[in-house]
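First up is the structure itself, then whatever we jot down about it.
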Amino acid sequence: MTQQDSVTVAENSTQQVDGVQVVENAEEPGLLESPQKMLIRPVSVQGVMEHSLQHRERVGVQDFVLLEDYRSEAAFIDNLKKRFHENIIYTYIGNVLISVNPYKNLPIYTEEKTKLYFKKAFFEAPPHVFAIADNAYRSLVYEHREQCILISGESGSGKTEASKKVLEYIAARTNHLRNVENVKDKLLQSNPLLEAFGNAKTHRNDNSSRFGKYMDIQFNYEGGPEGGHILNYLLEKSRVVSQMHGERNFHIFYQLLASSDQSLMTHLKLQGRPEAYKYTSDSTSHMSQRANDQEQFRVVQEAMKVIEIGESEQREIFEIVASVLHLGNVKFVQNDKGYAEILSHDANSGNAADLLKVNATALREALTNRTIEARGDVVSTPLDVEQAQYARDALAKAIYDKHFSWLVSRLNSSLAPIEKDAKSSVIGILDIYGFEIFPKNSFEQFCINFCNEKLQQLFIQLTLRQEQEEYLREGIEWEPVEYFNNIIICDLIEARHKGIISILDDECLRPGDATDASFLDKLNQHLDGHQHYKSHRKSDTKTQKLMGRDEFCLVHYAGEVTYNVNTFLEKNNDLLFRDIQSLMASSDNTIVGCCFKDYNLRSKKRPETAITQFKNSLNDLIKILSSKEPSYIRCIKPNDFKAPMQFDDKLVSHQVKYLGLMENLRVRRAGFAYRRTYEAFLERYKCLSAETWPNYRGAARDGVQRLVEALQYEKEEYRMGNTKIFVRFPKTLFATEDAFQIKKNDIATIIQSRWRGYYLRKRYLRMRNAAIVIQKWVRRFLAQRLRERRRKAADVIRAFIKGFITRNGPETPENRRFLGVAKVHWLKRLSAQLPTKLLDLSWPPCPSTCREASEELHRLHRAHLARKYRLALSPDDKKQFELKVLAEKIFKGKKNSYLSSVGERFVNDRMSPEHRTLRDTFMASPAWPSGEELIYSCEAVKYDRRGYKARARGLLASRAALYVLDAGGRRTFRLKHRLPLDRLTVVVTNESDSLLLVKVPRDLKKDKGDLIISVTHLIEALTIVTDYTKKPELIEIVDTRTIAHSLVNGKQGGTIEVTKGTQPAIQRAKSGNLLVVATP
């Protein structure tokens, strides 16, 4: 695949665009399974490059080549910013991936996202690190071209994470291949191991790589990883002995100190506190950080097992790390002679010696003395305290540096393929520091920036070469591109005999007292006239104010960098005294002995300087990269605070400059901004011409020619290559894409109508077939249910007929149901025909089986009506009924006049109005006792005991007594008798007369004997009085024809004769007795 195929787009999360929900890959099967699932727009900003152009105002363009104002750095940064705020961290410049660290987790590395890039052409999927990895992998497997992926950027920009994602993608991509699990695990587990020993926390990054790494992954002919090889560059070993405030040493020191393995800590003689050791005391460790270090230490141990580092080797590795910590705590004191010595009770030197497995006395001697050969004589020179501290720190740095190199070689031996394969090929991953410009730049920054100058030179050369090759391949005339060729800066640094490196080495190696100042003088002497070199003495006044006298300035491709020459010579020499080298070579720790045994201790030749070693390694790396097809990932950090969603324009502008992105874009845009194969271009835009829609039957090139003619492209706007169309200006592509987006709605309507017709026709046929099947089964079910219902109905009718036949017989199983039905129907009829009046004695007839129940129901209903009637009575009516009941008890069946009294209401007052007035007057007189209540009053006729003369009288009854009043023509009632009720006995006949004989006790001397009285409403009077006295036994009903009455003192008086006649009467008979005539 060529770089022109690399122009693609896509965003990494589902978006809402113009109110329409859009998703990735709308062309996937299943999205058109039903009209309800169809989208108005097929894809969002996550689709291919051309489609995303419609959203360019909101999310920018996904390839900087399509920027209209491609020379404007402000437009470049604005495009990055737009995408960053939409959580779109990846953008292309051709085939270069720009990655902005989001400082938060994004859902763009899931298994689903990973599979999106499997076997996809570069322009078919969103910009992503996976697209770079997949493009390299497919070029390796299918085109057998070895690949390399160059990852660069400053600390904290995400280089390490990018390299991890490349490895993770390759591991996922090769999951289907056999026998590669072990190799993949080793490749993936090499990362935590190298990070523990080569990464550290800095102000800019919590996991900053402090070394450059180039990893080759070897693949077999099937495309499965079978091994790997790692090269490391320029480990920042000065960090072992000192760090800036707030930064940390390499992770492994803190991870080891956080270990929960107490036996290991005891063996290494370590305390679990970083502040207890000089080399780790500059940083503060929180509990959360310690817990994380403890967990990471466990991960490192697991990684060592996967890499096949045995327990003995692990123990020796940890012994080396612990020995460095103990070395840092070795203290020197000045003796009487002014030389350095180590106190005998200082346990740190002994601990370091034990862990390094060397003689403790020899170690103390080597740290405080130096052996020098002079003309065949060996002289031991004591060191002062400063020199001894330098020796100690140099030893610590050397041990850690060589141990790190050994660890890399150990990884390489574990990753090496078991068998050599002539058909194998490799993908290289270069994770290396980006251009660095600090307020104070030293030797390390000089090396790093030199490395970036070389890589920039290679990058521009390869980019131009690729462009030229494609133009030549497509038959397009190549137009020379003007660009800044930084070979002049590379020569300034590395030219033989006159470059900065050569001058630095000469100063380090010459006899005499060489210093950093003399080195700076020589630089000024030889390079002052160079256009990319600035010295303090020849700079303008403004620059002199900013530049120190111990500094020089280089004009790099990324900008001016001022370097301070202090420690340049020391760091370049990187000397370790021979006594210490010899002692370390004799170590019984196999790793330490192996690391130092390569030193040729007897050689008189001075070893190469650090910068020369680095230059040679870098040139070797450039040769490796030049032999491979490169891919680039440029990492940018958006802010210095590791904060998500914060975009610092100034900081990003600085990185864009030193990463050379604008220069890269300018070179890429020097020719044509957009290119696409004829087939892809025609497939997308064929709807814009009637001649090419819906399908063009001829060659794709001819179809594209007709298409551009229909679009009225100007001659200078495009070129037709052998297999691709080249469009020079982004605005031409934008106009084409906008026309396509407008046209797409019309096309979508046509497609939708055709699809809906097709879909609904298929749906109708499926529904029709389904309906036939359902109808068949429903009819079967209904027929079965009807048959069952008819069978049950026949059984019911048969049983009913049998019950009807035997309905009058005893209850049997045959007639039980019929009788039950008959009972139900009778109860229903009864409920509708119940009598509603108490006096209605009618009752509906019932079946013979219900006779007993009918009688009981009749009784209950009568009781219910009676109760209902009673509850409805007023107090007066209730009293009437009580009196009638009492009269019934006393007189029914005993006195013939009882029946005539039933229908008439009883009243308490039977007097005429004029007598009622006289009564009231009497009751107001003293003759009526105070407080006595009148209960009954009526007019009566009293018959004398002798002669039976009739006399008009008034009768008053109270609760206590019976009053007999004389009413004969007087204006007032005169009291004749007052008789206590409880002392009286009343005699009446059983006939229908009104005679009342009051028996007066003998002790009532005042009265003259029994009273014979005629009362019209006899039964009423007696009943009311009895109701109050509650003594019905005082009434005596006699069935005789004669009744004797007494005179005073009980003497026998006359006789009362009772007879029947047509007219009732009470009169004196001829016999001299009182005759009472009663009607029959």
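Heads up, the Cβ atoms here are built off N, Cα and C, so glycines get one too.
According to TrEMBL, the protein carries these features:
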- GLY153, GLU154, SER155, GLY156, SER157, GLY158, LYS159, THR160: ATP binding site (BINDING)
- 60-741: domain 'Myosin motor' (DOMAIN)
- 895-1080: domain 'TH1' (DOMAIN)
- 618-640: region 'Actin-binding' (REGION)
| Per-region confidence, the domain 'Myosin motor' (60-741) (mean pLDDT, whole number) | 84
| Nonlocal neighbours by CB distance (under 8 Å) for THR160 (ATP binding site), same chain, sequence gap 6 or more | ASN191, GLU195, ASN199, ASN207, SER209, ASP431
| query | Including all protein chains displayed, how many Cβ atoms other than that of SER157 (ATP binding site) lie within 10 Å of its Cβ? | reply | 24
| Which residues in the same chain, at least 6 apart in sequence, have a Cβ under 8 Å from the Cβ of GLU154 (ATP binding site)? | ARG204, TYR433, GLY434, PHE435, GLU436, CYS635, LYS637, GLN655, TYR658
| field | CB within-chain contacts under 8 A for GLY158 (ATP binding site), separation at least 6 | value | SER99, ASN101, CYS635, LYS637
| Which residues in the same chain, at least 6 apart in sequence, have a Cβ under 8 Å from the Cβ of SER155 (ATP binding site)? | THR202, ARG204, ASN205, SER208, SER209, TYR433, GLY434, GLU436
| said: Excluding near sequence neighbours, so keeping only residues 6 or more apart in the same chain, what lies with its CB under 8 A of GLY156 (ATP binding site)? | reply: ASN101, THR202, ARG204, ASN205, SER208, LYS637, ASP640, LYS642
| note | Across the region 'Actin-binding' (618-640), DSSP yields 9 helix, 8 strand, 6 coil
| task | Could you tally the C-beta atoms, other than its own, that fall within 10 angstroms of the C-beta of LYS159 (ATP binding site)? | result | 28
| task | Would you list, in sequence order, the residues of this chain other than GLY153, GLU154, SER155, GLY156, SER157, GLY158, LYS159, THR160 that have their CB within 8 A of the centroid of the site's CB atoms, where the site is the one recorded for ATP? | result | ASN101, ASN205, SER208, SER209, GLY434, CYS635, LYS637
